[in-house]
Amino acid sequence: MLTLASKLKRDDGLKGSRTSTTASDSTRRVSVRDRLLVKEVAELEANLPCTCKVHFPDPNKLHCFQLTVTPDEGYYQGGKFQFETEVPDAYNMVPPKVRCLTRIWHPNITETGEICLSLLREHSIDGTGWAPTRTLKDVVWGLNSLFTEDFRNKVEDYIKRYAR
């Protein structure tokens, strides 16, 4: 699955066969984002919730992937929800862009698929927004938590407390 790592190894092998070092340096440069993604995708695949599946349409582009969440409890049990994730060039200083592709009524997902999840916010007043220490694993687990019983209980508590 981690084809970027194998691509880097192939590029290292080709480097020795080239005569111009400036040409090999310019083609071999890999962004910080891509290096982070190789590591984070491996960690993500090892720690994926049982209700989630990750799909890379193009295995050479680890910065674009789809997530499928199939909740096994709560209101959304039996549903299948698709998310599209794009990791920007400035990652890990800015959060990934995530959009829900499945039309759904959910208090944290708009009709156009925008997601209200604090860890996806670049700036958050409660201090729980994106930080460079967060990873793709945190994003996937956060999206998964939108469909769990714990989330439903928190929403119900919030409604009881503030809907007076």
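Each Cβ is built from the backbone N, Cα and C atoms, and glycine gets one as well.
What you are looking at is a predicted structure, and each value in this text was computed from that prediction instead of being measured.
As given in TrEMBL:
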type     : residues : note
REGION   : 1-27     : region 'Disordered'
DOMAIN   : 32-164   : domain 'UBC core'
ACT_SITE : C116     : active site, glycyl thioester intermediate
Model confidence over the domain 'UBC core' (32-164) (mean pLDDT, whole number):
88
Under 8 Å Cβ to Cβ from the residue listed as 'active site, glycyl thioester intermediate', same chain, six or more residues apart: give me those in sequence order, or none if nothing qualifies.
N108, I109, T110
Secondary structure tally of the domain 'UBC core' (32-164) (DSSP, helix then strand then coil)
42 helix, 24 strand, 67 coil
